[in-house]
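Quick one: the structure is below, questions incoming.
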């Protein structure tokens with residue numbers, strides 16, 4: 001009996017740890033999902049129930065009229081298209097610049113190479129308004145204001161420091177011996193990067209793409225100072241433009257927010273495994 005006691009104690013401890021873990025996961029999931037569920041229910045309930053007290057949990061009547069109004073009476077579809085164009089352009093520009101830059105920092109010897117990636121992320125310590133005004137002046141002088149490409153360029157500039165830091169970690173994790181073997185076999189530098197480095201760094205590339213997409217999709221301040229034409233508004237700016245304190249249809253606004261959430265969520269689900277691996281390696 002005595003010999004079994006430590007084993008039983010260890011099993012009980014493991015059982016309690018699993019209970020605590022699952023409880024924490026359930027509580028966290030509940031806290032995260034409740035606002036989303038409540039927001040969706042608010043889009044399909046009658047407007048008089050939005051601010052009723054006590055709150056009405058289950059809508060007395062289900063209607064998708066708010067979504068119909070959103071697409072038929074506003075420019076929401078146009079805002080969605082603009083956001084998609086800017087976000088995808090930001091991803092492409094970020095990868096085109098960050099991949100060769102990170103490869104150079106991780107492979108070539110030059111003064112300060114160990115610090116350049118780490119120091120570049122210091123840009124995130126500065127408030128956006130401090131960066132926004134000089135950026136606006138520069139963009140105005142070169143004719144990039146009121147342009148979706150100009151906005152994507154601003155988002156790219158803000159995404160690059162983290163992208164450089166993240167991809168550098170992945171490139172450093174690939175042993176130089178692999179490249180040496182390929183070089184001895186007659187492979188060029190471009191072939192080595194495209195056929196060896198990039199496939200091995202796919203989780204990092206995916207994580208970088210996710211970061212650039214999220215930054216661009218949700219960004220409001222740069223869009224506010226760069227875009228003047230309402231036909232070029234992205235979703236954050238467009239939804240804010242729909243708010244009129246006198247006649248605001250909050251059910252419709254929440255409907256726009258619910259739709260705005262969908263692309264990032266779908267993006268994460270599609271590349272979930274690569275995303276976890278990517279950010280996991282970046283913390284090592």
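Each Cβ is built from the backbone N, Cα and C atoms, and glycine gets one as well.
It should be emphasised that the depicted structure is a prediction, and the values quoted were computed from it without experimental measurement.
Quick paste of what TrEMBL says about this protein:
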TRANSMEM  20-41  transmembrane segment
DOMAIN    80-271  domain 'ABC transmembrane type-1'
TRANSMEM  84-105  transmembrane segment
TRANSMEM  117-142  transmembrane segment
TRANSMEM  148-171  transmembrane segment
TRANSMEM  192-214  transmembrane segment
TRANSMEM  220-243  transmembrane segment
TRANSMEM  250-272  transmembrane segment
Excluding the flanking five residues on each side, which residues at least 6 beyond the ends of the transmembrane segment (250-272) place their CB within less than 8 Å of a CB in that stretch?
36, 39-40, 42-45, 47, 50, 66-67, 69-70, 74, 76, 80, 83-84, 206, 209-210, 213-214, 217-218, 235-236, 238-239, 242-243
Looking only at the recorded stretches 84-105, 117-142, 148-171, 220-243, which one has the largest tally of CB-CB distances under 8 Å to the transmembrane segment (192-214)?
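That would be 148-171.
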Six or more residues beyond either end and a Cβ under 8 Å away: which residues meet both conditions relative to the transmembrane segment (220-243)?
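Residues packing against the transmembrane segment (220-243) from afar: 74-76, 78-80, 82-83, 86, 128-129, 132-133, 135-136, 139, 144-148, 150-151, 154-155, 158, 252-253, 256-257, 260.
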Do any residues, 6 or more residues outside the transmembrane segment (117-142), come within under 8 Å Cβ-to-Cβ of it, and if so which ones?
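Result: 102, 105, 150, 153-154, 157-158, 160-162, 164-165, 168, 221-222, 225-226.
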What else in the chain is close to the transmembrane segment (84-105), if you only count residues 6 or more beyond its ends and a Cβ gap under 8 Å?
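113, 116-117, 148-149, 151-153, 155-156, 159-160, 163-164, 166-168, 170-171, 193, 197-198, 205, 208-209, 212-213, 215-217, 234, 263.
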